[in-house]
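*Asks:* What follows is a structure written as C-alpha cells; I'll ask about it next.
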Amino acid sequence: MTGPEWAHTRGTKVGQSSRTPPKVAVLLGGPSVEREVSLSSGQACAAALRDEGYDVVEIDAGHDLGARLIDAGPDAVLNCLHGRWGEDGCVQGLLEWMGVPYSHSGVLASALAMDKQRSKDAFVAAGLPVVPSVIAKAADVRMGHVMQPPYVVKPNNEGSSVGVYLVHEAANGPPQLSEDMPQEVMVEAFAPGRELTTTVVGDRALTVTDIVTDGWYDYDAKYKPGGSHHVVPADIPADIFDLCMDYALRAHHALGCRGVSRTDFRWDETKGAAGLILLETNTQPGMTATSLTPEQAAVTGMTFGKLCAWMVEDASCDR
C-alpha cells in the first residue's frame, strides 16, 4: 500500500525535501497526564519554528490524529507530546506506518525508555550504574514496605515526576498511594545527593546542569517558575562532569535513541565517582520556558529556534 503523496521515502531527512519552506506539524497536548506540559512545549516550539521560517501547523493529538495529519500534509512532524501514547512508541508507530518523517526516537527506543524497569535492564547491560528496584503491585505497596526505606515509588511508565512518592528512612508505615496509580509500580532504592542532568543532541552530549531545589524535585519543581534553580554548566569536579557526559551518551546508545534525549543522575559527592547514579533517560525532554534541554543548548551556542530547527531537519522514518 502506498502512502499519501506527501510521504517521504523511508530514511529521507526533511532537509532533502523539495518543498520550501518545509511544512511542519507540531504534535502537542494529547490525552496523557502530562498534557499541560506538552501544550507548553509544543506552543513554544511552534512559535520558534515560525520565527525560523517554517510553515507550521499545531495539532492537538487525539483519536483522529491520522486523519488530521493527512489533511495537514506535513513534510515532517515535531513530536512535542509527553507521557503515554506520545512518547512510548504509539505515535511513532503511526508515523512510521504513514511514512511521515518525525523527530526524536523511534518505536523501540521510545517504548523501552518509557518502561523504567526494562530501560534499567538495558543500562545494566551497558555497564551503567543504577540503584536496585523491583516491580510490585500497588496494593502490596500500600500494605507494607516492599523494600527497606528510604525508597521511591513511581509509575513504571510515566514521566515528569508524575505520581512519585518518596518514603523516608524514618517512615513507620507504607506509602498511601492514590487510587489513580497503576496496578503495578516501580519501587526503587532512594539515591541521595545532587540532581544532575545531561542532554544529548545527535551524537553529542551538551553539558551538565546541577538542579538546585529546596526539597524533592517533583512536578512543580520541574515546571513552575521558581520551582528550581539551574546551575549550568554544573560546578562539579571535572571527573564527575565527564562521567555525566559519557554516561548520557552511552545511555542514549544503549536504548537506541535518536535525535534529542536527556539523562538524569543523582550524585552523592561523599562517594566521589562511585556516588554517581543514572536515574533515567527521557527520549522527549521538555521544551518549555523553564526546561533544561533548551537551557543547555543555549550554553553551547544553540538558540532555542536553532534547536527546534535541528530536530525538524533531523526528522526521518525508520528511527
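Glycine is no exception: its Cβ is also placed from the backbone N, Cα and C atoms.
Quantities reported herein were computed from a predicted structural model and do not represent experimental measurements.
Got these off Swiss-Prot a minute ago, pasting:
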BINDING   147-197  ATP binding site
BINDING   Asp264, Glu280  Mg(2+) 1 binding site
BINDING   Glu280, Asn282  Mg(2+) 2 binding site
DOMAIN    120-313  domain 'ATP-grasp'
REGION    1-23  region 'Disordered'
*Asks:* Hey, of the binding-site residues listed (Asp264, Glu280), which one tops the CB count within 10 A?
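*Replies:* Of the binding-site residues Asp264, Glu280, the most buried by Cβ count within 10 Å is Asp264.
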*Asks:* So what's the average pLDDT for the domain 'ATP-grasp' (120-313)?
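*Replies:* Across the domain 'ATP-grasp' (120-313), the average pLDDT comes out at 91.
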*Asks:* How big is the Cα-to-Cα gap, in Å, between Glu280 (Mg(2+) 1 binding site) and Ala189 (ATP binding site)?
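*Replies:* Given the Cα positions, Glu280 (Mg(2+) 1 binding site) is 14 Å from Ala189 (ATP binding site).
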*Asks:* Spatially, which candidate from the binding-site residues His168, Ala189, Leu196 is nearest to Asp264 (Mg(2+) 1 binding site), comparing Cα atoms?
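*Replies:* With Cα distances computed to Asp264 (Mg(2+) 1 binding site), the winner among His168, Ala189, Leu196 is Leu196.
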*Asks:* Check the binding-site residues Met147, Ala189, Leu196 for other C-beta atoms within 10 angstroms of each C-beta and report the one with the most.
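*Replies:* When each Cβ's neighbours within 10 Å are tallied, Leu196 leads.
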*Asks:* Where's the emptiest Cβ shell within 10 Å among the binding-site residues Pro175, Pro182?
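*Replies:* Output over binding-site residues Pro175, Pro182: least Cβ neighbours within 10 Å is Pro182.
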*Asks:* What Cα-Cα separation, expressed in whole Å, is found between Pro182 (ATP binding site) and Asn282 (Mg(2+) 2 binding site)?
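*Replies:* So the Cα of Asn282 (Mg(2+) 2 binding site) lies 20 Å away from that of Pro182 (ATP binding site).
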*Asks:* Let me know the most crowded of the binding-site residues, choosing from Lys154, His168 and counting other Cβ atoms within 10 Å.
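*Replies:* Per the Cβ count, the most surrounded site is Lys154.
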*Asks:* Cα-Cα, whole number of Å: His168 (ATP binding site) versus Asn282 (Mg(2+) 2 binding site)?
*Replies:* 26
*Asks:* Do me a favour and check the Cα-Cα span between Asn282 (Mg(2+) 2 binding site) and Leu196 (ATP binding site); whole Å is fine.
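*Replies:* Here the two Cα atoms lie 13 Å apart.
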